Amino acid sequence: MAPTVLHLRSETKHLEHRSALTPTTTAELIKAGYIVNVERSPERIFDDEEFEKAGATLVPEHSWVDAPKEHIIVGLKELEEKDFPLKHVHVQFAHCYKQQAGWENVLARFPRGGGTLLDLEFLVDEHGRRVAAFGFHAGFAGAALALEVWAWQLNHSEPFPGVESYPNEDALIADVKKAVKEGVEAAGRLPRVIVIGARGRCGSGAVSALKKAGIPDENILDWDMAETAKGGPFKEITDSDIFVNCIYLTSKIPNFVNMESLQVPDRQLRVVCDVSADTTSPFTPVPIYTVATTFDKPTVPVDGLTSGPPLSVISIDHLPSLLPREASEAFSHDLLPSLLTLNDWQNSPVWARAKQLFDEKVATLPESALQK
């Protein structure tokens, strides 16, 4: 039987430096008999030569479009918004299963071309637990940025400036500690932070960043399902300086915060980091903004407030790219056992479940989306 060919595409999302495959996992796949083609990429945190040394074949950027149909296309974030049908099996995050804006157009490209989406967000084991996720580093980066925005707001009237990725965690934390020191000098105290979803991967990452930045336990309110069971909005959020939302959303729940709950004279809340960033989802429990932010413009102000301090929202949907090397290594390591079964993915439980979900979602597409 011919070896299975994996084609790692270059990411097109602005400032996305992460990679679903790393040189380390590429070497393991090649050792197991796979052929790995890697598109050259000026953005990827790993140099092209690192993949070449691991045994991969370097191919031109965007060459996946013309790759043989049987090649499996591996990527990370969503494809560019184009209209041509997709013929391959694609392994990636597509962000089209939770009725996000434009989901029909994104999803319909696969059945229109005879292709298949195996969405990384929904790869689960037999217990329904995700086999690999960027949650920890998303929470870590989100909480780190939230601390920097809090300090910035106290000392500047203009919006928080753009940020770039860091070579490692130590460099990020050094910057955050410096910012917190400046914030404390202005506020006269350390910030109080509430993290909702604190027991999961994302929330534990957020709490880890807060502690490494010098925020003591007594200033961190770490909530999970038990604490939110009574239903919001929650005064504890507006009493905190920073709110980091780390919940994984699958259905509508009572709002954690809304415009009405923010209109209180004693509001302390200055920064919301919505790590979940389900900005356009009808399920969002943080319906106080409608704009997805970027590393170029990390915050969006909450308009319409009549009292209290300014309030900024961070809603970057690829926060782990702030720490691209560490985030990629951790994710790809966790994904590797599943990647090693791609040569028989139809009969591998993890991939078969992803295919079943794809089929279910395709069945909900309006006929008009399939006719383009």
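Cβ coordinates are placed from backbone N, Cα and C, and glycine is handled just like the others.
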Partner cysteine of Cys202 (disulphide bond, per Swiss-Prot) from Cys246, Cys273: Cys246
Swiss-Prot annotation, L-saccharopine site containing Arg18, Gln100, Arg130, Phe134, Ser276, Ala277, Asp278 - matching residue among Lys53, Lys69, Lys77, Lys235: Lys77
Cα separation, His95 (active site, proton donor) to Lys77 (L-saccharopine binding site) (Å, whole number): 8
Between Ala277 (L-saccharopine binding site) and Cys246 (disulfide bond), the C-alpha gap once rounded to whole angstrom: 9
Cα distance (Å, whole number) from Cys202 (disulfide bond) to Phe134 (L-saccharopine binding site): 8
Number of Cβ atoms other than its own within 10 Å, given for Arg18 (L-saccharopine binding site): 29
